[in-house]
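The structure appears right after this line, and notes come after that.
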Amino acid sequence: MNDAVTLRSGCKVNLDLHITSRRDDGYHEIDSLFLPLEEPHDELVVTVGDAPGITVTCAIQGIDPTRNTVTRAYDAYAEASGFRPPLRVELRKGVPHGAGLGGGSANAAAILNHLESIAPHPLGRETLCRLAARIGADVPFFIHAVPCRASGIGEIITPVAWPYKGFTLLLACPQVQVSTAWAYGALDAAEEKQLRVRGCLTTGGVADRNSFSRESWLHNSFEPVVFASHPELRSLKEALLRHGAAAALMSGSGASVFALFRRREDAEAAFEQLKGHGIRVYQHLL
């Protein structure tokens, strides 16, 4: 591998996110429906390094070059396989930090998949997903990068049917950052009756947890605690619904909010208004 290899690393939204329990080892068990998105995206430019190990550089401040999801993924793979190729990685960030889009998790999955593709003795998908779960709950999903249900601590992945063809998904990324660690801490500290408030978006109930139901009540366990500290995110969600969205929900631990529109023209109108307020907005035709 003498030439640079550019790995494209996308993001995700959670169309349903239940934090079901906190385990004794500190990990949280989840039950979530994931949808991969191509935009926004990061790029990892990989070249051969000078010595076994990995060196990561990034122009964005706040990313520790020695301890990040990419280095953790490399270390986990090397420990499990004994394969330690010399790599240099330039991380070009396009996914907003603290937005609940899983940018760091996608970076980890990208390097795991890359190592698996060049290793003389690949570990196999099952082992790779177990390694991924140790890095973060979203990482196993990005190993697959298809619409799926994730349970356990994120390592149990089940691909699902997707009935929203023809909808437009609008993703809004305000100038707000929410720490995932803070959100989990706030969730743990909240009383059960305070945090189990449903993020009501459409009508009906989730009859089949292995599919995305058009009549589902989309839910995010983080919304009550995050909205309490960042009421502007609640206002953003309400604004999307006023623009005719069939559904709107915060993704992950925030701060991004997405909406599903049946009518493309409603999505276009919301897109233009949010752009006018300085919010990063992305459109996806599903």
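Glycine is no exception: its Cβ is also placed from the backbone N, Cα and C atoms.
Quick caveat, the model's predicted, so the values are computed rather than measured.
The active site annotation in Swiss-Prot covers Lys12, Asp138 and is backed by sequence analysis. What Swiss-Prot lists as ATP binding site is Pro96, His97, Gly98, Ala99, Gly100, Leu101, Gly102, Gly103, Gly104, Ser105, Ala106.
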Looking at Cβ-Cβ distances, which residues of the chain lie under 8 angstroms from Gly98 (ATP binding site) while being 6 or more apart from it?
Val176, Gln177, Val178, Ser179, Thr180, Gly254, Ala255
Can you list, in sequence order, the residues of the same chain other than Pro96, His97, Gly98, Ala99, Gly100, Leu101, Gly102, Gly103, Gly104, Ser105, Ala106 whose CB lies within 8 Å of the CB centroid of the ATP site?
Cys11, Val95, Gly252
Does Gly104 (ATP binding site) have same-chain partners at least 6 apart in sequence with Cβ under 8 Å from its own Cβ, and which are they?
Asn68, Thr69, His97, Gly136
Separation of alpha carbons, Lys12 (active site) and Gly100 (ATP binding site) (Å):
8
Can you tell me whether DSSP puts Gly100 (ATP binding site) in helix, strand or coil?
coil
I'm trying to understand the geometry here, so how far is the Cα atom of Lys12 (active site) from the Cα atom of Pro96 (ATP binding site), in Å to the nearest whole number?
12
What's the number of neighbouring CB atoms sitting within 10 A of the CB on Pro96 (ATP binding site)?
19
Quick one: Cα separation, Gly102 (ATP binding site) versus Asp138 (active site), in Å?
7
Measure from the Cβ of Lys12 (active site) and count the other Cβ atoms within 10 Å, all protein chains considered.
25
With every protein chain in view, what's the tally of Cβ atoms within 10 Å of the Cβ of Ala106 (ATP binding site), excluding that atom itself?
27
For Asp138 (active site), which residues in the same chain are close in space, meaning a Cβ under 8 Å from its Cβ, but six or more apart along the sequence?
Lys12, Phe34, Gly102, Ser105, Ala106, Ala150, Gly154, Gly252
Can you tell me whether DSSP puts Ala106 (ATP binding site) in helix, strand or coil?
helix
Number of Cβ atoms other than its own within 10 Å, given for Gly102 (ATP binding site):
30
With every protein chain in view, what's the tally of Cβ atoms within 10 Å of the Cβ of Gly100 (ATP binding site), excluding that atom itself?
30
